[in-house]
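Annotated in Swiss-Prot:
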BINDING   Cys12, Cys96, Cys199  [4Fe-4S] cluster binding site
BINDING   His41, His74, His124, Ser227, Ser228, Asn229, Ser271  dimethylallyl diphosphate binding site
BINDING   His41, His74, His124, Ser227, Ser228, Asn229, Ser271  isopentenyl diphosphate binding site
BINDING   His41, His74, His124, Thr169, Ser227, Ser228, Asn229, Ser271  (2E)-4-hydroxy-3-methylbut-2-enyl diphosphate binding site
ACT_SITE  Glu126  active site, proton donor
Amino acid sequence: MDVLLANPRGFCAGVDRAIEIVKRAIETLGAPIYVRHEVVHNRFVVDDLKQRGAIFVEELDEVPDDATVIFSAHGVSQAVRVEAERRGLKVFDATCPLVTKVHFEVARHCRAGRDVVLIGHAGHPEVEGTMGQWSRERGPGQIYLVEDIEQVATLQVRQPESLAYTTQTTLSVDDTMGIIEALRVRYPAMQGPKHDDICYATQNRQDAVRDLARQCDLVLVVGSPNSSNSNRLSELARRDGVESYLIDNASEIDPAWIVGKQHIGLTAGASAPQVLVDGVLARLRELGANGVSELAGEPESMVFALPKELRLRLVS
């Protein structure tokens, strides 16, 4: 039995930046530092930051006056930003720049009076933040959430002739493609973004897991259950006909999965650290794996800048 590692896998530039913002804020300002929502969707990462002095909350009313709060990589609504400013909270914004790009698109369309269709999963914090970029004060446009092709058939928009779409950044490209095609059939004049809103890291990791699926008879994806992009990776492998499981760490591996398998593929979602992948590799070796190789994959060199204040503090 051998193991084939996907490449790329694990942390993306947005996740790296978000985690580093929390760490540096704690180092420079001292604990506690409040973080609205899990900064990234990974239990190991969140637990580590808690030990360093981060306090995770769901709403700003849980943050004391005069405290420092960090917005998670998933982004927040305009209402949250306004509330933080009203209360005079010190804010560091760890929103992924690729999510911020989507926010700007929504705001631009709304100011122009267009309606916007957001393709995404209800209840996901990124979707809540993007939906919250629209308000009556910012423009006459409206925003609608569509989760699947079936909802396209019943969608009723205010002005079909002035419509645009955008997507949650962590979805499956295949899923969004079908929804977009269905929307274009109903609304031929619909505008789209200049570039696909599915982020580069999501696309690269999905391409890599498909490479695994072509060569393996089992694919393990390291990631937490609430990680959208990690779930999509496991779904894609299963869709390509390969047995696949999403696991938080090595302890969740069922030895029965390995029985009879010759080639095991291993990848990690964009919010899962390499240390968890290393733990899974160690466990697979205990279960009989005797060789590890790695796909060539798509090189990634993207780096997102930290907030200026944290960069300056580090230099000083």
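Just so you know, glycine gets a Cβ as well, placed from its N, Cα and C.
Note that the coordinates shown come from a computational prediction; the quantities given were computed from them, not determined experimentally.
Structural mapping of features recorded in Swiss-Prot.
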{"residue": "Cys12", "record": "[4Fe-4S] cluster binding site", "Cβ neighbours (10 Å)": "28"}
{"residue": "His41", "record": "dimethylallyl diphosphate binding site", "Cβ neighbours (10 Å)": "28"}
{"residue": "His74", "record": "dimethylallyl diphosphate binding site", "Cβ neighbours (10 Å)": "28"}
{"residue": "Cys96", "record": "[4Fe-4S] cluster binding site", "Cβ neighbours (10 Å)": "26"}
{"residue": "His124", "record": "dimethylallyl diphosphate binding site", "Cβ neighbours (10 Å)": "17"}
{"residue": "Glu126", "record": "active site, proton donor", "Cβ neighbours (10 Å)": "25"}
{"residue": "Ser227", "record": "dimethylallyl diphosphate binding site", "Cβ neighbours (10 Å)": "25"}
{"residue": "Ser228", "record": "dimethylallyl diphosphate binding site", "Cβ neighbours (10 Å)": "24"}
{"residue": "Asn229", "record": "dimethylallyl diphosphate binding site", "Cβ neighbours (10 Å)": "26"}
{"residue": "Ser271", "record": "dimethylallyl diphosphate binding site", "Cβ neighbours (10 Å)": "31"}
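Ranking the binding-site residues Cys96, Thr169, Cys199 by Cα distance from His124 (dimethylallyl diphosphate binding site) puts Thr169 first.
The recorded positions listed here (His74, Glu126, Thr169, Ser227, Ser228, Ser271) include Ser271 as those with a Cα within 10 A of the Cα of Cys12 ([4Fe-4S] cluster binding site). A simple way to gauge crowding: the CB of Cys199 ([4Fe-4S] cluster binding site) has 26 other CB atoms within 10 angstroms, across all the protein chains here.
Taking a C-beta cut-off of under 8 Å and a sequence gap of six or more, Thr169 ((2E)-4-hydroxy-3-methylbut-2-enyl diphosphate binding site) has these contacts in its own chain: Cys96, Leu98, Val99, Val102, Glu126, Asp197, Ile198, Cys199, Thr202. Under DSSP, His74 (dimethylallyl diphosphate binding site) is assigned to coil, being neither helix nor strand in the three-state scheme. Secondary structure at Cys96 ([4Fe-4S] cluster binding site), taken from DSSP and collapsed to helix, strand or coil, is coil.
Listed in sequence order, the residues Val40, Glu126, Thr170, Asn226, Ser230, Gly269, Ala270 complete the 8 Å Cβ shell around the isopentenyl diphosphate site centroid, once His41, His74, His124, Ser227, Ser228, Asn229, Ser271 themselves are left out. Within 8 A of the CB centroid of the [4Fe-4S] cluster site residues Cys12, Cys96, Cys199, the other residues of that chain are Ala13, Gly14, Val15, Ala73, Pro97, Leu98, Val99, Thr169, Thr170, Tyr200, Ala201, Thr202, Ala270. DSSP assigns Ser271 (dimethylallyl diphosphate binding site) to coil in the three-state reduction, placing it in neither a helix nor a strand. Under DSSP, the residue listed as 'active site, proton donor' is assigned to a helix (H, G or I) in the three-state scheme. Annotation note: Asn229 (dimethylallyl diphosphate binding site) sits in a helical segment as assigned by DSSP.
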